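Quick look at what TrEMBL lists:
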COMPBIAS  1-14  compositional bias 'Polar residues'
COMPBIAS  24-33  compositional bias 'Polar residues'
REGION    1-33  region 'Disordered'
TRANSMEM  38-57  transmembrane segment
TRANSMEM  69-93  transmembrane segment
TRANSMEM  114-143  transmembrane segment
TRANSMEM  149-169  transmembrane segment
TRANSMEM  189-208  transmembrane segment
TRANSMEM  220-240  transmembrane segment
Amino acid sequence: MSKSPTVPSPQSVLRNRGDRPVSVSKSMASSTNPKTKSLIYSLIYTAMIINFLWVGLFKAGISQDPVRIMTQALPFIVLIQVMYSIVGLDGVVSKRTGTGPKKSTQMSSQNSSNFFSALWSVVIAIIMSFLVFGLLVLFGAPAFTYSTHTYLCALHISLLSVQPMFYVYNFDSNIWTDIISVRLPLNPVYGASVGTWLGSWLGAIPIPLDWDRPWQQWPITILAGAYIGTAIGTVVGALYKSSRKT
């Protein structure tokens, strides 16, 4: 009695051909490098910050009316910060990301959670702007004659430096201890925060110089230094993070 022909399995055909089955999900996952994505988002954010500084502040006429321009710019910088938080900061630390494929309902819920977290961090930044105002006054900023100028500058600084930090780290006491003690590994968010404050400090240098330029009036150079410092700090932090092996 003759035996029925054996149909070779796909796995055996692949082995006979010298090929190897490839997992689609694994190949797609391996092609996505979180560090590369973080670097790309950081570069895009940096370009947006520099462009906003030039177009939204200087080209808009901040030298003619600092209070009006800084006030008008607030909704736009809030929008930039919220967009960057939701799109670009979800993978900065592992605790904000999950592993494995997500269903559409899970992704929708996660996006909604990220949106409200970004808005909440904006509220925290607005509250913290009063503390930033106090710090600026302690470092010599005019508290009474230009109080509106000083507070608006403090609000911009807080949105640039505080909002992303609270979005990523929330109220984690251990993380904030590392931040205060300068032990937290550098990343785009931490680098941007440090850059914002360092840039603000360096931005005060041209104010007392006898150049008689319109952009030397309070607090334009400090505000410009904050934005430039944010951009530089973001890039430096992203490059450092992408260069680390772990």
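Backbone N, Cα and C atoms are what each Cβ position is placed from, and that goes for glycine too.
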Using a Cβ distance cut-off of under 8 Å, indicate which of 38-57, 69-93, 114-143, 149-169, 220-240 has the most pairs with the transmembrane segment (189-208).
220-240
What parts of the chain pack near the transmembrane segment (220-240), using Cβ distances under 8 Å and only residues at least 6 beyond its ends?
38-39, 42-43, 45-46, 49-50, 52-53, 57-58, 62-63, 66, 70, 136, 153, 156-157, 160-161, 186-207
Counting Cβ pairs under 8 Å to the transmembrane segment (149-169), which of 38-57, 69-93, 114-143 comes out on top?
114-143
Should anything in the same chain at least six residues away from the transmembrane segment (38-57) have a Cβ under 8 Å from its Cβ atoms, list it; otherwise answer none.
69-70, 73, 76-77, 80, 84, 87-89, 91-92, 188, 223-224, 227-228, 230-231, 234-235, 237-239, 241-242
Other than its close neighbours in sequence, what residues sit by the transmembrane segment (114-143), given a CB gap under 8 Å and a spacing of at least six beyond its ends?
78, 81-82, 85-86, 90, 149-151, 153-155, 157-159, 162-164, 166-167, 201, 204, 218-219, 222
